[in-house]
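Each remark here refers to the structure printed beneath this line.
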């Protein structure tokens, strides 16, 4: 007796497998017992070429509830992600994910991920979600760009043979000091 | 046709299942037994609470803490000792209340209070082909609806409104309704201040808040000073900082908030006096126990729970309830209160005060303590009369359903080919204000929604031994060979069991290979067992149906009769042949025409196997509509299912 939410997510999964944008990853988690956790998806969004975010591959998590698709999923980057529209907890503030604004039950996982990719380079300071990025974005384009590049570098795979594993974590530590 | 039975005879000869013995349940049980019903089973997992006694009249004060179902039974037996009533104190979702259990009843009557259980019972009834009468009340409003498979919409044919959640941005920065202020207080500020978990993440922890340690009590700080500091941050400093973000307020439609005066300005007697009010406590150790037993409102002499407070009173309640919660948590030794609880008087005061002050910030209508409590706790105020009316309407619909069933119209749940006209069933709405001088509004029931994910799909029953049948055999022998599927994929209710294509990751391929070797019972997420409904689909054939598994242990099989070791029965389903599929690819836009072509369908009717109870075999349902207008679908193209 599958729930409406899970039935829909199984359909979403099928739709994604059939067709999805290049460079994106989206898949439900696998639980320890080998079952598929349809309500929790791990995804990756590539930064758009030609933007400050390019080359990075950003992990985001989609958390659905049994009320999906009446309600949108919760979408989050890792906590502390630097972006004017990302809350300190990592949650993304985006109109299509807002039940009162743009959310419609027909919005697909693909549209959500493309929407978040779009948001990366088009921050909306009218709905700022964190102080740090908001202030920097307002203060100086150059400084903001510099900080974004540091953020992007955290999520850029090191070139082959450069640093195995741990490289990304090291970079992250440096950034926190900033 | 036999002479028509009277309503009483009909009632006497029927066996009914009641789910829920609460507000509606008490009224319903009483009306049932007084209408002649005498074979009743009921399920309720709840125990009796003091707050039930004003309307759940089968219960008395001495019953508090006892099973609702059992006490309801005992009370009713006092005035109908001849009735046969079985009370189950348990959850309707327990596996003991399975499809076979439901099948032993003539009708199921719901008096439930939550969507999840309603959906569950709906599915049980669909699978067991037993009609369902569904009901609900909120205050003066109520409704009763009849759900008969194949004749009327099932409970889930139409999407149900779900309670609204509120986006963090609105709650935190730009509230414009009273509910936003209440939810901010209960779901954001309350856990941030009082949670026992020091590492809990909160969206209130913006940089400035962290910088100022706005939400953290300093060592040695008194509860009152901490409360005042939070007041000044939340209702002043934070608002000033928000105002400084001009972009946020560039839109004329967004109303700018106003910072409140500093606490000491607003409340001249100061925080300590405000926190303790008139109950004469001065914060010394001797009296601190008293502080905790009392509430802020009592201490401050704010007796009217329906009155909206002034800013100063709200600020007093804020500091007073805040300090009392901190003091209580300290002395309890549990270091915190993680979640807002509507039965915690101090928490309610804190939330009401916070919401009132925030309403003042944003120029939003101010709610009373009573209203704020109802909003924060999602409290639905119940009206006994509505429950009584609804209980009566349920019995009326039940009698209609039973009459149809006895007359053979819906016997065994066989779907009538055309949704009936004239249909005897009604959806009845109980209204608060009369229209056309009526308080009850009966309506024609909705027809079944063909693209309903719950009742719209074809169902096939697979009888097998789940301890020996493997997923691999199910796929190869049953789905591919017997049903002619090309690339079947199998989903269990909670998980995906098998997929196939080039795009899968290695770990997924490995897991699915492992699943194929597993017996059905040992599959992940609890395994596939008796009564599990699998969803089987085939991308390449655009074909999908429900496969309901019935377990029959190995030693009950006769090798001669069923050499395969499994039996398929139920609705006819067909996978498209490959040629047909190609044609379909071209004709995608006009699949109505394609759906006419049914000649080479594989019909899975095994005449010998069809028992009276599952006599839906051969029922032909056709669907030529896409589900574009159905919100649940999303990807109409992936769900183009054709079943014959």
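Here, residue 1 is simply the first one shown, and the rest follow in order.
Cβ coordinates are placed from backbone N, Cα and C, and glycine is handled just like the others.
Predicted automatically and left uncurated, TrEMBL annotations should be read as such.
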- Which range of A:1-27, A:28-54 is region 'Disordered' in TrEMBL? It is A:1-27
- Task: Mind checking which residues of the chain, 6+ beyond the ends of the region 'Disordered' (A:1-27), have their Cβ under 8 Å from one of its Cβ atoms?
- Result: 38-39, 41-46, 57, 62, 64-69, 108-110, 113-114, 117
- Average the pLDDT scores across the domain 'UBC core' (A:4-157) and report the rounded value. 90
- Item | Count of other CB atoms lying within 10 Å of the CB belonging to residue A:93 (active site, glycyl thioester intermediate) | 25
- Using DSSP, tally how many residues of the region 'Disordered' (A:1-27) sit in helix, strand and coil. 15 helix, 3 strand, 9 coil
